[in-house]
């Protein structure tokens, strides 16, 4: 009987182990964007990558070896745009933002990515 229970629990345990190993995944976020020139403020819903990646801190860091930690990064993404309404002539009314399509734990490419922490703090527009 114990063997049957163990076999039945094996898929659940395997999933739990994989979840603990990495929780890097797509997450819904809201971006608040204000255009002072156009006199408007909007909140855009999009997707980003967030979560924990498995890492190990070395006890000794050799000056001969580069050190990095894996972070939760975009693998594939696209860009979408929002056009502010009621803007004066000559004002750039288009805001372009990234939309994550897939994520993975990998070395962060600082040439194209802000490798900081994703803020979950809600932002609001300034009142003028």
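Glycine residues also receive a Cβ, built from the backbone N, Cα and C atoms like all the rest.
Listed in TrEMBL for this protein:
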- 1-16: signal peptide (SIGNAL)
- 22-125: domain 'Glycoprotein hormone subunit beta' (DOMAIN)
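Residue counts for the domain 'Glycoprotein hormone subunit beta' (22-125) under DSSP, helix first, then strand, then coil, are 0 helix, 50 strand, 54 coil. Mean pLDDT of the predicted structure over the domain 'Glycoprotein hormone subunit beta' (22-125): 85.
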